[in-house]
């Protein structure tokens, strides 16, 4: 296996050489490494630095970059696991090169997580994490990280696959990214409740081709009940921009008050907060000084998440203007007008044209046309 050295964050490891002349170079290497996921791993390092778990499991380690960064940049003891012996050989090489404290296992991830417990369990599979979530919850002592790259099923483009994997009905709307994030959160919350565990989102977001969750788990029936109480649905009008959030385990039947159409429900999904303000504030402060290289992209994401209103859906600013046949001005002007009227309003972290507000559509329209 031909290797090359890469530096990500403060960590330098060896990774297999890739063919740069194909559409997806990481797929050409004998052991997987995707440089496009560096921001994902940056955020994980910052969360681990805020939470200080006693141990960390990189359950599908591949090249080992995630676990190597956690071990080298936080000092937390890491267990690396992969079922591919080539990956294990590469991880061993990288661990020895970095001199970090680590255990390395070559097992099926579900089998390992069923047998052992870790302070922080991290799932970063190729594709859906759905087959691993149950075992990960049982294995986690306190913290859980989940990456999903199957955004088409999560966000409603592949409806049947989304229903099969996540036992929820996705919806391919203008805010489908938000739907995907909250469906994944809701799925984890339901799995956790089976074991009398509740979830608290620490920093959860959607970026480019993936959804990323960082969660704290609390073991108690009351914590599980509180999580279940935060499950609900978004009801979307198929004919106009009206939408309704409903915190219920089973969806009601609703009619659009503006045009009379039957609303389409999506869910069950998480309707609670997607981040912890204290964790996020600590991550922002840490990122400014700790993350090596240019942290501007990560800092922008963190700031957008910090300022994003705690609302389960968003509007596409341009589509609102088109629907109302108005020429919208700058987004920030609209947001300031809504805030001046006493409404919550802000940008979303996953779209340059997305806005969140609790203002009714009539008020939004009036503020656009002012």
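First residue shown is number 1, and so on along the chain.
From the backbone N, Cα and C atoms, a Cβ is placed for every residue, glycine too.
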S-adenosyl-L-methionine binding, same site as 41, 82, 108, 109 - Swiss-Prot member from 66, 138: 66
Candidates 41, 66: member of the binding-site residues with the richest Cβ shell (10 Å): 66
Binding-site residues listed as 82, 108, least Cβ neighbours within 10 Å: 108
Among 109, 237, 259, the one of these binding-site residues whose Cβ has the fewest neighbouring Cβ atoms within 10 Å: 259
Most Cβ neighbours inside 10 Å, all chains, among the binding-site residues 240, 256: 256
